[in-house]
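Colleague: One structure follows; several queries about it will come next.
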């Protein structure tokens with residue numbers, strides 16, 4: 001598929017339309033300059049920002065917005081590091097006051113060892129945030145039942161973890177992801193657990209609308225090159241999904257016709 005055709009393959013969340021299907025984070029880089037270079041190399045249009053960990057408002061210290069420009073990227077504030085619904089809601093209200101952001105990513109973690117989501121707290125916080133005027137993309141477990149509950153509660157997007165945050169273990173439960181994608185009427189994005197380019201490709205081949213990653217790029221030996229690799233991986237996976245893979249067969253089938261042989 002040529003570039004002109006691919007450019008029309010967009011996705012939409014909360015009324016906002018994007019061409020890039022790769023979302024990148026803003027943590028773990030050696031500095032904001034490297035972070036900005038990686039975001040550019042990834043071809044990203046959205047960057048997710050941990051409100052509690054990134055300087056957005058103190059001009060006396062290095063600021064993310066001096067390097068990753070809000071007029072170039074859509075900022076997606078998140079609640080990384082929050083373990084209660086109240087903490088997450090307070091964090092996102094501060095983000096809205098600081099930058100006017102109402103499209104946000106909710107994550108309410110259950111413990112510090114695996115950083116998997118507390119789904120009861122997540123669902124409760126989601127309902128309160130929606131009532132407060134936020135458009136919420138939700139980090140969640142790969143449980144199709146809870147994913148549907150989040151969608152029915154008004155989530156703008158469902159973001160199941162492929163594996164624990166920062167683990168780099170890749171997609172651990174492709175079946176559950178496929179079930180979530182099949183039933184969803186809102187975008188589904190793999191969030192957390194991607195380790196290398198093939199993981200991103202698999203996520204897109206399953207039918208995900210996009211992939212979010214941070215550590216896989218930031219902790220690579222060459223983050224900028226890995227960002228480029230992830231960009232191509234996401235495109236390849238999406239193209240393969242749209243093309244439709246060949247069926248799997250039990251037995252061989254010759255690739256050349258048998259008729260007309262000497």
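Each Cβ is built from the backbone N, Cα and C atoms, and glycine gets one as well.
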Colleague: Based on Swiss-Prot, name the residue from 166, 207, 237 that is recorded for the same 1-deoxy-D-xylulose 5-phosphate site as 192, 193, 214, 215.
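Modeller: Among the candidates, Swiss-Prot records only 166 at this 1-deoxy-D-xylulose 5-phosphate site.
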Colleague: Please report the distance from the Cα of residue 193 (1-deoxy-D-xylulose 5-phosphate binding site) to the Cα of residue 105 (active site, schiff-base intermediate with DXP), rounded to the nearest angstrom.
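Modeller: About 17 Å separates the two Cα atoms.
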Colleague: Under a three-state reading of DSSP, tell me whether residue 105 (active site, schiff-base intermediate with DXP) is helix, strand or coil.
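Modeller: It is in a strand.
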Colleague: Compare all C-alpha positions of 166, 192, 193, 214, 215, the record's 1-deoxy-D-xylulose 5-phosphate binders, and send over the largest distance in angstrom.
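Modeller: Largest pairwise Cα separation, rounded: 9 Å.
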Colleague: Please report the distance from the Cα of residue 215 (1-deoxy-D-xylulose 5-phosphate binding site) to the Cα of residue 105 (active site, schiff-base intermediate with DXP), rounded to the nearest angstrom.
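Modeller: Roughly 17 Å, rounded to the nearest whole number.
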Colleague: Looking at Cβ-Cβ distances, which residues of the chain lie under 8 angstroms from residue 214 (1-deoxy-D-xylulose 5-phosphate binding site) while being 6 or more apart from it?
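Modeller: Those within reach of residue 214 (1-deoxy-D-xylulose 5-phosphate binding site), by Cβ under 8 Å and sequence separation of 6 or more, are 24, 25, 26, 27, 28, 48, 166.
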Colleague: Same chain only, sequence gap of 6 or more: which residues have a CB within under 8 Å of the CB of residue 192 (1-deoxy-D-xylulose 5-phosphate binding site)?
Modeller: 115, 139, 161, 162, 163, 164, 165, 166, 167, 212
